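Everything on this sheet refers to the single structure shown next.
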Amino acid sequence: MAKRKEENFCSPENAKRPRQEELEDFDKDGDEDECTISFTNGTSTLTAAEVGIIESIQLRNFMCHSMLGPFKFGSNVNFVVGNNGSGKSAVLTALIVGLGGKAVATNRGSSLKGFVKAGQNSADISITLRNRGDDAFRANVYGDSIVVQQHISVDGSRSYKLKSEKGTVVSTRKEELIAILDHFNIQVDNPVSVLTQEMSKQFLQSKNEGDKYKFFMKATQLEQMKEDYSYIMETKERTKEQINQGEERLTELKRQCLEKEERFQNIAGLSTMKTNLEYLKHEMAWAVVNEIEKQLNAIRDNIKIGEERAAKLDRKMEEQQVRLNDAEKKYKDIQDKLEKISEETNARAPECMALKTDVIARTRAFNDAEVLYNRSLNEYKALKKDGEQLCKRIEELKKSTDQSLEPERLERQKRICWLKEKVKALQDQEHTVNQEAEQFEQAIEKDKQEHGRVRKEDIEVRHALNYNQRQLKELKDSKTDRLKRFGPHVPALLEAIDDAYRRRQFTHKPIGPLGACIHLRDPELALAIESCLKGLLQAYCCHNHADERVLQSLMKKFYPPGTSRPQIIVSEFRDEVYDVRLRAAYHPEFPTVLTALEIDNAVVANSLIDMRSIETVLLIKNNSVARAVMQSQKPPKNCREAFTADGDQVFAGRYYSSESTRPKFLSRDVDSEISDLETEIENKKGHIITLQQRLSALEKDIKRNEELLKRCQLHYKEIKMKIRKNISEIRELENIEEHQSVDIATLEDEAEENKIKMQMVEKNMEQQKENMENLKSLKIEAENKYDTIKLKINQLSELADPLKDELNLADSEVDSQKRGKQHYEDKQKEHLDTLNKKRRELDMKEKELQEKMSQARQICPERIEVKKSASILDKEINRLRQKIQAEHASHGDREEIMKQYQEARETYLDLDNKVRTLRRFIKLLEEIMTHRYKTYQQFRRCLTLRCKLYFDNLLSQRAYCGKMNFDHKNETLSITVQPGEGNKASFNDMRALSGGERSFSTVCFILSLWSIAESPFRCLDEFDVYMDMVNRRIAMDMILKMADSQRFRQFILLTPQSMSSLPSSKLIRILRMSDPERGQTTLPFRPVTQEEDDSAS
């Protein structure tokens, strides 16, 4: 509730007449104990109240009621009766809330939103206040009644409509409602005006006597008077400070006034110096014109030199463009040669592999045939030798006549046959072991080749794993700082750039990395755009070469020697993007790199256009469609190349696959990339484990085969030794001269059989030799073909190596020429800017010359010859002006000094008058406040005594006694009640009373406050809930008696009783509430903070 107007405190005569008479009686007695009041049952005023009482209330969707009212209240006593839940308390709550009270003041909820019926969007309250008679509020606007309508939304906000008697909306501002309540002296947050059952319970059970005192002060509005007094005293102290400041200012003004008066007496003429000053000004005007003319001539000379230099730079740029075209043509020619060689090499690779496989197969077939032939040859030689020995032996036997040693010879012959069979078996075993050794050697060679291949694959997979792990770390770091995608040092480098820019080391702050300054319109094109821009995504832009040198020095701190640094692009910063509409590529279905990017910074867009011509590069997601657009038909106009979603680069006649499989810098879905990388890393780790297992298995196979090979070789040696030993023994036996008789016929048969075997072996050997020769020729033919194709491939490789070196040199040359061209373009641009600046300066100087000449003619129409410079004349003018000012300072101008003197005197007199007025005001205010404070203290004592007497008188009607002790110094109030006779029971705190006794005492206390408090209506909720029948009847009689004596006030009493025993009177109106709907027993409240209610209010 807003403060009352100050005149309410300053004008005691505005109070009600009865109170004024009582105060005068109190002043006459002079002592509180002697102050008496007469209680009468007669009516003090028989007229009904004209302003401020409640005429009607109507509720909609309020608390748990869809519609209540309208309730028409009488002008005096109104009983609202009904069972619990019927809406009695809702009417009282609506009265408090509807007249601007806060939700917490109702003790029914902590937020306005809790008063909206469950399931509804809003609630409405309509209260009609009486507005008649002489004290009506803006009667010409509102009429005889004021309708206050409040709309409460479900979110806790509320709005007001203040309507006239005719229903016209007069205002929607809360300030208007506060003015109405102040005018009618209505305080809805004053518990004396509206006392809820919960407020009464809290007050009477409060242990803090200071709270009761505050209750009393607020109910009687003494608290408001006290606050008004304090405010006036603070205002008085501030006014005293203003008076003290004014007195200090008066002293200073008086001193200044005397000084002005003294200076006025010492004024002298200064005409000669003023004449000289005017002549110097004439010379100064034309001296300025002379200097501007000299500056114009110098600027014209500079422009002429600049135009010649611009033409020279144009020629150099044309020469540089020719060199760049030659370098690009050379690079393209070498690149075409390399591509042709690469295509031819790739085309011959499958044939080479097939021929190599054929050579290996034919070599193996030839070796097998050669082994068979050698074996047959050895067998033939052995048979031949055996035949020769048999023939020799037969001859020897035929000559021998001695048959005595025949048994020994036969034994030797038998031994020889056995040894030969053993040699034959050993030779077969030798052949088998030799074949096994060859198989082991081939297996070892094959395993070693496989081991080398797997080992190489393992190294490649490990390199890829390390790269993926670094990429994963960068991605995880980029989740917290996206800039780390462009390198781990980038955030620190950007901080260093910011710091250097703050220290003004840069002309313009460098921009970069460029990848952080662009955004994709289509995330699926991320890899394509990265493949196109490559290192430019990590590049930085500088305005000039001075900024580039500063940035290079900063980069040295973060990029160690030997490591690659980001590229720096030097180009003057512009605020607008280049107009590329005439040279940009266009396709109705596919965007260019420029249109596929969102680039907010014009410098970034211009740099990418300069360095990569992104307006001419198309982006086509599908590979086959890209080939069709660029190669199967004529490429779109102005389109040089295209990139696919897989990062492949497509030219009109070439196609290059991308080395990358995923974007590194421009991907938006970092979590998905991290997940994919983690999966790929796990797969690679699993692959490495598989490769390691494969390597281990191959190493075991190689070791096992090598051991088996050693065993075979050792076995082979042992067999060889056995064969040599047996052959040696056979030869020894055959060389022994046998003189024994032998069976010549048997030997001859054996010789014949040996001859037949020799023929068979010879025939077989000839076939094997023929087969071997055929296989040899086939092997040689395959080797020749393989060597031929291998030689061609090696020749192509030898041709490609110098071409690669030439391509690198040509690429460097192209970059060098581009930098050279960019250098001249930058210089030309910088020079043209300077030249244009000079031209603009020339225009400005010409305009300035015209202005200065016009000004000079106004000062001196005839041009005069000036020999002194403008600076010298300026110094002379300043010296003369200072001399004149010094004379003015010592003497001054008469009119000016007179004017200053009059102003100082008037200021002094005005301030002196104000200070005197304030002094009189403060003196009068102190006298008034002293009198008013005494009156306030007397008024407080009178109200205190009246409250005590009313309380005692009301308690005595039930044979109770009570005490009210006021301590105004400590601001406390203590209340005690004695239920029985004064000498039969002791005084007790009200909390010790029974429910009925406490309720009765509460009514007595409230009636006491009602008797001394000002308010057009009083509301009391369930005042008799704890009373027995006797106390209820007595309390009712007391309330009706008071109401009858105060017909100018309205009483609204809420009770669950039927009130059927009330006397019949036109002053009493009973409003009966309908019983609540079945099941409706609680209200839909929920806890809300105090701040919500305050904000809603």
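Along the chain as shown, the residues are counted starting at 1.
Using the three backbone atoms N, Cα and C, a Cβ is placed for every residue, glycine included.
Swiss-Prot has this to say about the protein:
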| type | residues | note |
| --- | --- | --- |
| BINDING | GLY82, ASN83, ASN84, GLY85, SER86, GLY87, LYS88, SER89 | ATP binding site |
| COILED | 232-348 | coiled coil |
| COILED | 376-457 | coiled coil |
| COILED | 668-920 | coiled coil |
| COMPBIAS | 1-21 | compositional bias 'Basic and acidic residues' |
| COMPBIAS | 22-32 | compositional bias 'Acidic residues' |
| COMPBIAS | 815-839 | compositional bias 'Basic and acidic residues' |
| CROSSLNK | LYS274 | SUMO2 cross-link |
| CROSSLNK | LYS779 | SUMO2 cross-link |
| REGION | 1-32 | region 'Disordered' |
| REGION | 458-667 | region 'Flexible hinge' |
| REGION | 813-839 | region 'Disordered' |
| REGION | 1078-1097 | region 'Disordered' |
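In this model, the region 'Flexible hinge' (458-667) carries an average pLDDT of 87. With DSSP states grouped into helix (H, G, I), strand (E, B) and coil, the compositional bias 'Basic and acidic residues' (815-839) comes out at 25 helix, 0 strand, 0 coil.
ASN83 (ATP binding site) sits 121 Å from LYS779 (SUMO2 cross-link), counting Cα to Cα. Nearest neighbour of LYS779 (SUMO2 cross-link) by Cα distance, taken over the binding-site residues ASN84, GLY85, SER86, LYS88, SER89: GLY85. DSSP gives GLY87 (ATP binding site) a coil state; it is part of no helix or strand. DSSP assigns GLY82 (ATP binding site) to coil in the three-state reduction, outside any helix or strand. Sequence-distant neighbours of GLY87 (ATP binding site) (same chain, 6+ residues apart, CB-CB distance under 8 A): LEU59, MET63, HIS65, LEU68, MET1073, SER1074, PRO1076. The ATP site is set by GLY82, ASN83, ASN84, GLY85, SER86, GLY87, LYS88, SER89; from the centre of their CB atoms, other residues of the chain with a CB within 8 Å are ALA90, PRO1056, MET1073, PRO1076. Here the Cα atom of GLY82 (ATP binding site) is found 102 Å from that of LYS274 (SUMO2 cross-link). Counting every protein chain shown, the Cβ of ASN83 (ATP binding site) has 12 other Cβ atoms within 10 Å.
Just so you know, the Cβ of LYS779 (SUMO2 cross-link) picks up 21 other Cβ atoms within 10 Å once every protein chain is counted. All chains included, 21 other C-beta atoms sit within 10 angstroms of the C-beta of SER86 (ATP binding site). In the shown protein chains, 11 other C-beta atoms lie within 10 A of the C-beta of ASN84 (ATP binding site).
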